[in-house]
Each structure stands twice: as C-alpha cells, then as structure tokens.
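**Student:** First, the structure itself, so that you have it in front of you.
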Amino acid sequence: MASSQIPAAKKDEKGRNIQVVVRCRPFNTVERKSASHTVVECDQNKKELAVRTGGAADKAARKTYTFDMVFGPSAKQIDVYKSVVCPILDEVIMGYNCTIFAYGQTGTGKTFTMEGDRSPNEEFTWEEDPLAGIIPRTLHQIFEKLSNNGTEFSVKVSLLEIYNEELFDLLSPAPDVTERLQLFDDPRNKRGVTIKGLEEITVHNKNEVYQILERGAAKRKTASTLMNAYSSRSHSVFSVTIHMKEITLDGEELVKIGKLNLVDLAGSENIGRSGAVDKRAREAGNINQSLLTLGRVIKALVERGPHVPYRESKLTRILQDSLGGRTKTSIIATVSPASINLEETLSTLDYANRAKSIMNKPEVNQKLTKRTLIKEYTEEIERLKRDLAATRDKHGVYLSLDNYENINSKLLSQEEQITEYNDRIAAMEEELKKIIDLFTDSKQKLDQCTEDLQDKSQKLEEAHKDLTETRHRLTQEEFIALQLQSNEGQLYSTADQLLSTAEASTQDVNGLHAKLQRKKEVEHHNGEVQESFAQRMENCYNSMQTSLQEQSHKHAAMIDYYRSSVGELLNTNGTVFKETLGAVCESYSSIKEAVGEGVERCKERVLHQEKLSQEAQNSMLEILDEHKQHLEEVLVAQAVPGIRSVMATNDSLRQTLHRYHSLNEQMRGLKAEMMSFFDTYTESLASMQECAVQGFSSLRAEHDKLKQQISHAGNSHQARMADLVQCLQNQMNLLAVDTQTDFEGLSQAASAQIVPLETLECSIQSKCTATEEHTMSARARLGSSVDGVITEMNGVTEEGERALEECAGYCGLLQTSLDSLAESGLAWCHEARNSTENKAQEQLSLIRETDTAVQDLLKSVEEKGKKAIQDCEARLTPMQQEVEGILGRVELQTGKDDATMQEHKETLSSISTRALDTVHNFISSELRQDLPTGTTPQRREYAYPRVLNKPRSREELAEEFRAQQEELQCALTQCETVIETEEEKPLDQDSLDDEVSVSSDGNITEQSCSDENLTCFENGRVPFFKKKSKKENSNKSLNRSKVENESMITPPRSKLPLRCQN
C-alpha cells in the first residue's frame, strides 16, 4: 500500500533569481501635447534598456540597464505573453506556485498588460483579440493544455482587491463590495497566508472565466486623474488554482496542485501632477505607502538584511512567498518613454534592477493521494457540520460575526505582541549580563567606601550633638516669633476694616445730600416751566376760537349766496320752460291744421278724379255700345282701326298708372320728411332735457363735494382735537362742544339745500316727458292719416291696373277676330281718341293740381317747422346763457369757498401743530427729570469687627511649643524602636544583591533623601530634629558613602538589539 503523501521534489540548493521584464509603452496624447521627447531606447536583442539622463541637448549622458527581457513600444500583447507567460504555465502544470505582477508608475500600461482591452468592433473572441492581456490568454491556454493532456482536472479562481489597506472579494455574490476580509498566516506554509472568506469559484470552461473577469473588473475601484483616465485605485490579485490527477505505476491516484498568481498593482503617482484631491489624494497616499513598503522588502532581500518588513502592509504579506520564498516569480516593469516622466522611469528601473538580485528557491507542491485528499475533505465536512449543528442548536461556542472578527483580530495582535516580547526578552537578557558585571565592580568599590564612611561617621556624630541642641533653641524662638507676627497681622486687618467702614459711611452721607439738592432744583425748574406753558396754551386756544368764529360767519354767508343763486336759477328755468312749452304747442297746432287742410284738399281731388274716371267710363261704355252696333254693321271693314284705338287707350291708361305710382312715391317721401322732422324735434327736446339733467347733476356733485369737504374738515378737526384732549381734556371740552354745534348746523343747511334741487329736477323731467309723449302721439296720428291716403291711392291704382289687364285681355281676343274691321272703324277711333285725350287732359290737370297742393303743403309745413325751431332756439339760448352765467358764478364762488376752507384748514393745522410741538417740547425738553446717576448709596449693613483679640504672652507660647515637642518625641521613639527591630534581622547575600541591583534604578530617590536626620512637621510649620542612636547613625553614614560613590560612577548606556527596534 502506498504512502498517504508523496514528498516534494528536492529543493534547488542554488535557488533561482526573480525574472524581471521591462515593457516601454508608446507616447500618449498628453505627452505629445506637452512636446516631450524620447529618453528611453530599447534593444530587445541585447536585452538592454538605455535612458538618456542629460536631456535633449546632451545625448551622451545615458544610463543602461540589463534585464531578462526588454519590450519596446512596438511590442504586441501576444509577444509579451509568449515570451513571459507561456514558460511559466508549463511550470504551473508541473505543480509549482508561480507569480506574475506588473510594477510601475501610474498610466504606464500595467492594467493593459495584465487584463488588456476589447477591440471596439467586437469581431474577435477573447483569445483571438489582439488587445487581450495576460489574464484572459493564460486561462484560455490553461484549459487548452489540460484538455489536450486528457487528465482529470479542476480549476478554481479568486479575485482579491487591496484598497486602502483593506481586503475585498471582487467575486462576492453581493452586488456591493463592502465586506472586509481578514488575513492569517498559513499553518501549513510558514511563509504563506490564508484569507478568510475569500470566494473561490470553480470554472469549467473558458467562457465562464471571461464572465468572471468582467464581473470583477466592474467592481474594481477606478478613477480618472490628469495622468490616466482609468487609473486603478487598488491592487488586484487574480489567483488560479489547478488540481490535476495522476496515476502512479502502482495504480494509486495522486492529486497535483499548481497555483498561479497574476497581480495588477496600482501605480505610484505624484499627487501634484495627477491632480488628486480629498479622497483621491488619500488613495494615492495609501498606494504609495504600500509600494514604498514593497521597495523596502526588495531592498532588504537584496542586501540580505536580518529583518524583512513583510508585515508592514497587506500587499507584502500576500507576496511574501513570491519574494524570497518557494514561488517562481516574474516582474513586468512598465515605463514611459517621455521626458516628462524621466524621474519616475528611473525610479521604476532602479527597483526592477534591484529585484533581479532576489533569490527564490522554488519547490514543487506536495502531491496528495486521493485517500488523503478525501480524508481531508471528510474532516473538513465533519467540522463544518459540527459548526453548523452548534449554530443551529446554539450549543457550544456561538458567536456573532462581529465578536468572532474581534477575537481573531485580538489573536493576531497578541501574536504580534508575543513576537515583539520575545525580541525584548532576548535584549533584556543581554542587558542583564552587562548589569551583573557592573554590579560586581560596584560591590568591590562599595566595600572600600564602607571603611572610609565608618571613620567619618564618628566625627560627624559629635558635631551632630551640638547642632541638635542649637537647632532646638532656634526652633523655639522661631515658633514664638511666628505666633507674635500672626497676632500683629490680625490687629492690622481689624484696623483696616474699621477705617474702610468709616470711609464708606461718609461717602453714603455725601451722596444722600447731593440727591436732595438735585430733587429741589428739578422741582423749582418744573414749576416755572409749567406756568409759562399754561400761558402759551391759553393764547393758542384763543387764536383757534377766533379763527373758528370767522369761519362760521363766512360759511353762513356762503350758504345764503348758494340759496339765492339756486332760487334765481329755478325761477328762470320755470319761465323759459313755460314759454318753450307754449311755442311748441302753437307750432304743433299750426302744423296740424296745415296738414289737415292739405289732406282734405287731396281727398277732394281724389274724389273728383274718381268721378271723372266714372264719367269717362260711362261715356266709353256708350261709345262702345254705339261702336258695337256699328261694328255689327261693318264688322269686317272697320275692326282693325278699333282695335288699334283700344291699344292706344291701353297705353294711355298705362301712362296714367305710372303717374299714379310717382304720386304715391311722392306721398311716401312727404311722410318720411314729416317723420324725420318729428324725430329731430323729439331729439332736440331730449337733448334739452339731458342738458337740464346734467346741469342739475353738476350742481348736485358740487354740493356733494362741498359736503364732503365740510365733513373731512370736521373729521380732521375732531381728530386733532382728540389728540389735544388726551393731554388737556379739562380745558378743551367747551371748545369741542361749540365746534361740533357749528358743523352740525352747516351739515343741516347743506341737507336742506338738496330738497328744492331734487323737486326742480323732478318737475322738469316730468314736463319734458309729457311733451315728448304728446309729440310722439301727434306724430303717430299724422303718420296714420298719410298712410290712409296712400292706401286709398294704392287701391285706385290697383283697380286701374286690373281694368287695364282686363282690357288687354279683351284686346288680345279681339285682335285675331277684328283685323278685317280696321279700315272700317278708323274714323270712329279718331273720334274716340279725341274724347279720350280730352279726358286724359282733365286727369292730368287734376294730377298737376294735386301735386301743386302737396308741394304747397310741404313748403308750409317746412316753414312752420323752421319757425317753431327758431322760436325754441330764441327762447332756449338766453336761458342757456343765463344758466351758464349762474353756474359760472356758483363755480367761482365754490372755488373761493374751497380756497377759504383750505386756508382755514391749513391755519388750524399749523395752530394745532404748533400746539402739539409746544406740548412735546414741554414734556421732552422743558420739563426736567430727576435722572438716576448711580451715585446714590443703597441701604446696606456695615460689617466690621466688634471685639479686638488680645495676643498671648511669651510664656504661654513657650509652654505650647514644649507640649508639641514632647508629643513628637514620643512618636519618634516608637518609630525608632520598630526600625531597630527590623535592622537587627540578618541579611543574606542574595537579598543584598537584589537591593544593590534595585539601588541602580533608585539613585535619585536615595540622593533626594540622603539627609534622614532632618524631619519637618508640616502642620505646625516648625522643623524638629532628633538625635538617633549610634548604630543607626553608622548605618546611615555607610549608606551615604555608598550613594556618593555610586553617583560618581556612571554606568554605560544600554542598547537594545536591532531586531527589537524593528
């Protein structure tokens, strides 16, 4: 049976350097706009890269670097992939752990090299896209190679982000990356780490990998800066773990594990050039700090330093195994060819050149058997089941996530503290050895000093006795002097209090006298001012009363003038109205008589015309009878001339009818002229009425305006009087009553003036209305008469037309049958024609007479109408002029009254204003007030000592001092007894060594307390001394000599080892 695990391959004893590749990108738009020149020259064949450091002028100054591979600006993505990544993939499939990470300044193409980009037309797949980076090409080739091998395999991927020294899982199923991950040391790998909670997703084909890459790239932190539009603000670690199954010759199944880490580092940046502020500046600071730690790690590995600072950043802890561990590592350093980035380019190349010297010792990962792997998975499943059961049942240890994270963080910090303490313990052990050597030397010196101290202590004891007695006496004297001095201070303080009390009471009495004097002066001044104010107010009220009386007389005269003017106007209007009414009645009667006479004459002429027509008709019938008889005789010979004569008669009748129509039209025109005459007359009467109404309206408006002015003046006067009454109500009551009575009389007179005006207006309006109605009725009657005449004439005309039509019908019947009688009836027709012409001439003469009569009637009506209008105008014109004169005089008088009222208003306003100013001036300026000055003393109690303390005598003070000394002596005796008992105990050598070692740390304390014979009593503020026993003095002398000798010897300053400081 095969073993459960197959040991790893033998380590490469010599190790293997890290592979370093440099890639230079082309110029970008910003560098072209800044007119930068190329400072980097790449030689891919020699694998060299030269940088011109002297600028554009000095082309000789250059610095050359040699790397494993060099790619110029024209290098394609596929070239970098085939040269760098393809060999590493074979080693991953062999079971090695490999790492590829890009390093360089921001904006130099690290993310483009690792992840690449998609072509805009999307005509390529991921693996065929010429812009695709290392990560998609690597995964595509991994699946192709494993599929071609025909072995069973599984691929797991994870994507970790390091942002602001915090770990985030970009493949987390949560939509927002907020959960922070924790980093732990891998117990199975000394240099490796494990990340708790990092999601590892199993992928089955390359399409799933592309979706995972897109999801992780969408969650990664990027931002726009002045140096890069899509600057990565975090480090990303894309890990690919491959499990492959192998079958040995014995038929046992083994699992081979290979791991590839593809790291895209965030670029270092100059905050001033990138324009980062606030959050972006903090991000740049964290990025630069982690990259600085990475540089320190590289430097420590190259210089073989004793301490490599892996733990100073999360990035270096994750890359710990890749830098100096068991992993095959390749670094792709990206640089810019522009001269504006020369400093950053040199820094990147120096780091890359230094990293070439890092030595790794790659090892193939252990191959696990299928049983071992299943066993591990089974144990892991069982452990997870137990945790799940404990979580469900809440048995065992059940912690919340926050508490669990706190415990883990505490464990991490404790581990770091333990490591630090171990370093400190080693340093302290070395320090202890030095201290022991120092202690041995000090002990020898101490023995010698002890002998010298014993000799000096005997001499010191004798001098100490004399000094003790002298100090005792001096202390007693000082105590008495202090007591006497304190009593003297109390007496002085009491005297000061008494003096200050006397001074305060004297100042209070002076302040009271000053206040009484001020009160007296204020009252005297206010009395004089009140008398002068009363005299001024009396003069003001007398002038106001005189002004009101004059205004009342003027107002009464104004009312009388208005009353007489309005009465005169009413009488004049009444007379003129009566005369106008009479003239209108006479005109109407004359017009009515003339029209009646004309109508009668027209009727007579019409009747006469009808009679003539009847006679003509009778004679025509007789002639027709005769002609009929004659026609019967000569029907054939005389028919045609008779018909012709009838036709001529028909034509004459038609002409007659036309004349009747013209007469009818003339009668209609006469009617229209009469109607227009009456309309004009009615309109003139209406305009006269409107003029009268407007005149009365203007009078009423002027009256209302005058009333409003009187009311406004009364209101303003009352308001001002009310303001004055508030201050001097008793003096103003009588004046207010008189003024109110005057204004009420004015208001009643104005109201009484309205009644006759309204009566006059109503009477004029009623008479005008009656005249207009009478005129309208006469107009209607005349119109109806003329309509009757026209109707009768229309009837006659219609009868003639009917006769004419009948005659035409007969003629038509006869024309066909009497053509043969034309010649025979020609003579008779001539006779009939003559008779008809005579009758027609008579009709024409009657019509002419009627027309002449109508024309005469029209002229007479027009003359009488014009005469009536002239009479009305002659009567109304003087009336209008008189009314205008009266209204002008009334308007002039109203203007004068308005000016008088305004002047009186301004006079009263100025008087009241002066009075109000006088009151305000009297109150605010003339009256003097006793204002508080703040110097009047307040009532208070004077505090001063009533009893003086008598000081104690010198004998009492000495007795008190002796009593205190005896108490202190007893206490010291007890303390000395205890101290002597403790000093008699034997001391062994070890305790003596400990005391000496401790004494090295407490030298200052012993020096400060070297004179223990001096003891101070703080409560009594008096020092006292005590003479100690000989044994105690000798011990103290010995201790003092030890301290003096040790203080002279300065021990060397200890230094901690370098690893403790690190």
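Yeah, the Cβs are placed from backbone N, Cα and C, and that goes for glycine too.
No curator has checked TrEMBL annotations; they are predicted automatically.
Okay, so TrEMBL annotates it like this:
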- 17-358: domain 'Kinesin motor' (DOMAIN)
- Gly104, Gln105, Thr106, Gly107, Thr108, Gly109, Lys110, Thr111: ATP binding site (BINDING)
- 367-477: coiled coil (COILED)
- 982-1006: region 'Disordered' (REGION)
- 982-996: compositional bias 'Acidic residues' (COMPBIAS)
- 1027-1062: region 'Disordered' (REGION)
**Student:** Across the whole of the coiled coil (367-477), what does the mean pLDDT come to? Round it, please.
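**Tutor:** Reported value for the coiled coil (367-477) is a mean pLDDT of 81.
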**Student:** Give me the count of other Cβ atoms within 10 A of the Cβ belonging to Gly107 (ATP binding site).
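**Tutor:** By my count, 25.
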**Student:** Far apart in sequence but close in space: which same-chain residues, 6 or more away, have a Cβ under 8 Å from Gly109 (ATP binding site)?
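**Tutor:** In sequence order, Arg23, Arg25, Thr334 meet the Cβ cut-off.
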**Student:** List the same-chain residues at least 6 positions away in sequence whose Cβ sits under 8 Å from the Cβ of Gly104 (ATP binding site), in sequence order, or say none.
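**Tutor:** Listed in sequence order: Lys110, Leu265, Gly267, Ser268, Ala333, Thr334, Val335, Thr348.
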**Student:** Give me the non-local Cβ neighbours of Thr108 (ATP binding site): same chain, 6+ apart in sequence, Cβ-Cβ under 8 Å, ordered along the sequence.
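**Tutor:** Result: Arg25, Gly267, Thr334, Val335, Ser336, Asn341, Thr348.
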**Student:** Three states by DSSP: which one describes Lys110 (ATP binding site)?
**Tutor:** helix
